[in-house]
Amino acid sequence: MVSFSSLFVAACAAVTAFALPNELEKRAITSNEQGTNNGYFYSFWTNGGGSVSYNNGAAGQYSVNWKDCGSFTSGKGWATGSARNINFSGSFNPSGNAYLAVYGWTTSPLVEYYIMENYGEYNPGSSMAHKGTVTSDGSVYDIYAHQQVNQPSIVGTATFNQYWSIRRNKRSSGTVTTANHFNAWSRLGMGLGSHNYQIVNTEGYQSSGSASITVS
């Protein structure tokens, strides 16, 4: 079922072809788009299955509603990631497979990463190699690695590693100390490269649900 996550990387291949609009009036977004809104980078991608509607709100707030979706990714954050402390709060209400996670990419090496805070019915760790644990922000996280072979990425079709930290005590609000995860991954030989974008991401796959998240 790790292929669930691989479906989402198509978003990253597609975004290189998008124009990046500036500040936008509040409106429902239903097709692939990246840009800035109220000082935050945002990204939305869907494969077109089912019904998915994304809305940017004030500052770092966004909401997304989906029904019988194919697959989608959505969220707000920063155009350039870093080892920052990320605050998030709100509601995450999936019926089926969905993730709420800090999500980003690096280059040299090319890495796709997740710090997963909450998820629906499916824990993707069951399909990946367990590497260790890290304790951060009030919970143990299990660390996993997985190789994606000839899959879409931010640089086109490529082979690259995914790194994951999956929180045992799921939550929809709190602070993510990303440095704790990046350092733990590095100690396990899972090094990152130069940061590309970094968002608090709501993803869904063949599911329904809603989320309203504020990022800072």
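Residue 1 is the first one shown; counting continues down the chain.
Glycine is treated like the rest: Cβ placed from N, Cα and C.
According to Swiss-Prot, the signal peptide annotation covers 1-27.
Summarising the annotation, Swiss-Prot assigns domain 'GH11' to 28-216 and lists sequence analysis as the type of evidence.
What Swiss-Prot records for N87 is N-linked glycosylation site, and it gives sequence analysis as the kind of evidence. Its own atom aside, the Cβ of N87 (N-linked glycosylation site) has 14 Cβ atoms within 10 angstroms in the protein chains shown.
Annotation note: E112 (active site, nucleophile) sits in a strand segment as assigned by DSSP. Taken from Swiss-Prot, the feature active site, nucleophile covers E112.
Taken from Swiss-Prot, the feature active site, proton donor applies to E203, supported by sequence analysis. Other Cβ atoms within 10 Å of the Cβ of E203 (active site, proton donor), summed over all protein chains shown, number 31. DSSP assigns E203 (active site, proton donor) to a strand.
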What mean pLDDT score does the domain 'GH11' (28-216) have in the model?
97
